[in-house]
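To keep things clear, I will list the structure first and then write my remarks on it.
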Amino acid sequence: MKITDIVLTPVAFRDPPLLNATGVHEPWALRTIVEVHTDEGLTGLGETYGDLGHLERLRAVAPALSGVDVYALNRVHAEVAATLGGATGADKHGLTGQITPEGTVNRVFSAFEVALLDIQGKAVGRPVADLLGGAVRDAVPYSAYLFYKWAGHPDAEPDEWGAALDPAGVVAQARKMIDEYGFGSIKLKGGVFPPEQEIEAIRALRAAFPDHPLRLDPNTAWTPRTSLEVARELDGVLEYLEDPTPDIPGMAEVAREAPMPLATNMCVVAFEHLAPAVAQNAVQVILSDHHYWGGLTRSRHLAAICDTFGIGLSMHSNSHLGISLAAMTHLAAATPNLNYACDTHYPWNRADDVVKPGVLSFVDGAVPVPAGPGLGVELDRDVLARLAENYRTCGIRQRDDTGYMRTVDPSYERKQPRW
Ligand SMILES: O=C([O-])C(=O)C[C@H](O)[C@@H](O)C(=O)[O-]
Ligand SMILES: [Mg+2]
């Protein structure tokens, strides 16, 4: 079965004003929806970043894949690498650390790999999880992913979540999210306020949810010294502390004395970071993400390496829609050593999902693995057209949390570490 055509549709969907260490989310988040068509009439779906540089790389690669066998994933990877050549540039999106040329190839490859696995699954009538070795769990637990946030975007009405700018607001947000989704663990995105305030918010969450494992992720906003102070304050409270400080040596310095495991999606984001991270015992948990680790198969290679070196495995998320949620769920279901609940932004973006309702749902905080062939999800063409129109008119072509923050507070500066 051969690839005949690839359709790339950039889309924009509403995103609340979520605060992080580099600024605030803009009113629109971008993604690219990938449809791979074949000579046997089967179509596969993928979802990836929508930033213009990434979209241009996808557009450059797509024609090179015409005529390639849908099972030839190694060849597809080679075509991506050859098309991008050495001049890959930095395929940057959000807070995912340093981008290597190998990482850029993997980011571009991933979107096509997922679509091809969707096709392979449809061809044999089996879910993608079966192509990855078979599901070891029927449903994949996700965590409540809390953000400090404004009540609404400037000049807009407050959104349904309201403000969360202090411990009471954070607890109220957690309560709403857990009531609606049943999540069994909680992550707070930090790096927004001075560490003392974020420690207070974590303590308030602990009091309100005594049995929920808790995580805090300041996205490298702290020096190693501040990181250790926070780690000691939160001894016995956090299941892990995520990216407190920049870089592998900095994380290693903190890890030597921190009482809890350190996790990362910023200093170990490509295969070449694994050897130094292991040698320095810099991280005890890696957040995988198939969008930048090079798809589902390579994410399972990462899982095997983590297993070998006794590193825990969790999962990272950016703003995303249902195709990504389905792919994440198949991957997590087929990864035995994924020992932490996965992150997902899905509750923040649920109003605009591009897949037809009925397949993806949260039951007690977990998404049942779609049972249909392939990813098991179908595009809603009306929604796709609406989101594509949003993209045409929204004016955003590249995620820029810092630039958006500066429109509200011109004195805002990006600083890492900040405290
Ligand atoms: O470090 C993380 O967990 C993330 O990068 C997740 C997201 O990018 C999140 O921080 C965001 O979108 O603001
Ligand atoms: Mg993180």
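Note that Cβ sites are derived from N, Cα and C of the backbone, with glycine treated the same way.
Pulled from TrEMBL:
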- Lys189: active site, proton acceptor (ACT_SITE)
- His316: active site, proton acceptor (ACT_SITE)
- 167-261: domain 'Mandelate racemase/muconate lactonizing enzyme C-terminal' (DOMAIN)
Checklist line | For His316 (active site, proton acceptor): DSSP state (helix, strand, coil) | finding: coil
Margin query: I need the CA-to-CA distance for Lys189 (active site, proton acceptor) versus His316 (active site, proton acceptor), whole Å please.
Written below: 12
Notebook entry, point to check: 10 Å Cβ neighbour count around His316 (active site, proton acceptor)?
Noted result: 26
Next item on the list: Go ahead and report the DSSP secondary structure tallies for the domain 'Mandelate racemase/muconate lactonizing enzyme C-terminal' (167-261): helix first, then strand, then coil.
Entry: 47 helix, 13 strand, 35 coil
Notebook entry, point to check: How many other Cβ atoms are found within 10 Å of the Cβ atom of Lys189 (active site, proton acceptor), counting all protein chains shown?
Noted result: 23
